[in-house]
Ligand code: PRF
Ligand code: ZN
C-alpha cells in the first residue's frame with residue numbers, strides 16, 4: 001500500500017508497505033534479471049549497498065531455470081535469499097526486445113527462446129502464473145512495449161489489446177492468490193501505461209487502466225528510441241491522470257539525471273541496468289559526474305573512486321587497483337565497480353528523499369540534475 005507523505009510541486013515523498021517489508025519512495029530497484037545482480041553481487045551485498053527492493057525478470061527465469069524450480073525453492077525469496085520486497089517484470093518487454101520470431105495475437109505472444117531456440121507461448125495468464133510461481137511481492141501486467149517511433153493506428157490497436165490483457169491479468173492474479181499452495185497469496189499487480197509518443201493515446205490508455213483499481217501504475221514504452229525531451233513531455237501529459245493514491249513506476253529509466261527529472265514530474269519508482277552495466281565497463285558514478293576508469297590518468301591514482309563515499313569499496317580500494325582488475329578481466333574488478341555504482345544509485349535516492357523531506361528538492365535538482373550525468 002502506498003502512503004503519500006509529502007509533495008513539492010509534482011514531486012512526491014512516500015512509503016510503500018508490503019508483506020515483504022517497507023520501502024521509502026522515491027526508490028530505485030536493483031536489477032537482478034536472472035535472480036542475480038550481474039557482477040557477482042549477492043543478497044547479502046545488496047543489504048550493505050542500501051538496496052530497498054530487487055527486480056527480477058519473468059522471461060529469463062521462465063526460460064532458465066524454469067519458474068517451477070524457483071517455486072520449489074520457496075519462490076525468489078527462498079531462492080535468492082533477498083529478504084525484502086521484489087518486483088518481477090512481466091516478460092512483456094523482454095519478449096519484444098530479446099526473443100526472435102515473435103507473433104502477437106489476441107491470446108498472447110509466441111516467440112523463440114534466446115537461450116535454446118525453443119518455441120514458447122506467453123500471454124497474460126501465463127505471465128501471471130509464472131510470476132505467481134516466482135512469488136514476487138509485485139507482479140507487472142503483461143503488456144506490449146512498442147519501440148519509438150511507432151505508427152499511430154498500430155499504437156491505437158495495441159493499447160486496446162494491452163488493456164484487454166490487463167483485465168485478464170487482474171482476473172488471473174485474483175484467482176492465483178486464492179490457490180492453497182501459492183507462494184505469495186498477497187501478490188500485488190501493477191498496470192502499465194503504453195501509447196508510444198501520442199499524447200491522446202497515452203491519456204486514453206491511462207484513464208482506461210486507472211479504472212481497474214490496481215496496486216500501482218507504471219509508465220512503459222519510454223526510453224525506447226525517443227528523445228529524452230519527448231519522454232519528459234509524455235510523463236507530464238499523463239501524470240494528472242495517474243491516481244494520486246497509488247505508486248507510480250517509470251520502467252527501465254535511467255541516468256541519475258533522468259531519475260531526478262522523473263521524480264520532479266511525479267514518479268516514485270525506477271529501475272535500470274545502467275549502474276551495473278556501466279560499472280562493468282569501467283564507468284563509475286560520482287557526485288561530480290561519471291569517471292571512466294579505462295582512462296590512463298587513473299593508472300597510478302591511489303584515491304578511492306570517490307573521496308568521502310560511504311560504500312564498502314571506497315573504504316579500502318584505489319582507482320589504480322580497480323582499473324587494473326578491470327583491465328586484467330578479473331571478476332573482482334566488476335564486483336567492486338558494481339558495488340560502488342549500486343551504492344551510488346541507492347544513496348542518490350536517499351538524498352532525493354532527504355531533499356523532499358526538507359522541502360528543498362527544487363534546489364537539489366538545480367544543483368545535481370545535469371552535473372551527475374556529465375562525464376568528467
Ligand atoms: N514494459 C515492460 N517492461 C519494461 C518496459 C515496458 O514498456 C520498459 C520500457 N522502458 C522497460 N521495461 N513490461
Ligand atoms: Zn564508493
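Just so you know, glycine gets a Cβ as well, placed from its N, Cα and C.
Remember, TrEMBL labels are computer predictions, not curated facts.
Over in TrEMBL, the protein carries these features:
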DOMAIN    10-372  domain 'tRNA-guanine(15) transglycosylase-like'
ACT_SITE  89  active site, proton acceptor
BINDING   89, 90, 91, 92, 93, 143, 194, 221  substrate binding site
REGION    252-258  region 'RNA binding'
BINDING   309, 311, 314, 340  Zn(2+) binding site
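Not a single one of the binding-site residues among 90, 91, 93, 143 has a C-beta coming within less than 6 Å of an atom of ligand 2.
The Cα atom of residue 311 (Zn(2+) binding site) lies nearest to that of 89, taking the recorded positions 89, 90, 91, 93 as the candidates. With a cut-off of under 6 Å between the Cβ and any atom of ligand 1, the binding-site residues 91, 92, 93, 221, 340 reduce to 92, 93, 221. In sequence order, 304, 305, 306, 310, 312, 313, 315, 339, 343, 344 are the same-chain residues whose CB sits within 8 A of the CB centroid of 309, 311, 314, 340, the residues recorded for Zn(2+) being left out. Distances between the Cα of residue 93 (substrate binding site) and those of the binding-site residues 309, 314, 340 are shortest for 340.
In this view, residue 92 (substrate binding site) is surrounded by 28 other Cβ atoms within 10 Å of its Cβ, with every protein chain counted. Its own atom aside, the Cβ of residue 221 (substrate binding site) has 33 Cβ atoms within 10 angstroms in the protein chains shown.
For the region 'RNA binding' (252-258), the number of residues in each DSSP class (helix H, G, I; strand E, B; coil) is 3 helix, 0 strand, 4 coil. For the domain 'tRNA-guanine(15) transglycosylase-like' (10-372), the model's pLDDT averages out at 97.
Each residue contributes its Cα atom, and for residue 194 (substrate binding site) and the residue listed as 'active site, proton acceptor' those atoms are 15 Å apart.
For residue 91 (substrate binding site), the nearest neighbour among the listed binding-site residues (309, 314, 340), judged by C-alpha distance, is 340. Spatially close to residue 143 (substrate binding site) yet at least six residues away along the chain are 90, 92, 93, 162, 165, 166, 192, 194, 220, judged by Cβ distances under 8 angstroms. In the structure shown, across all protein chains, 90 is the one of the binding-site residues 90, 194 with the greatest number of other Cβ atoms within 10 Å.
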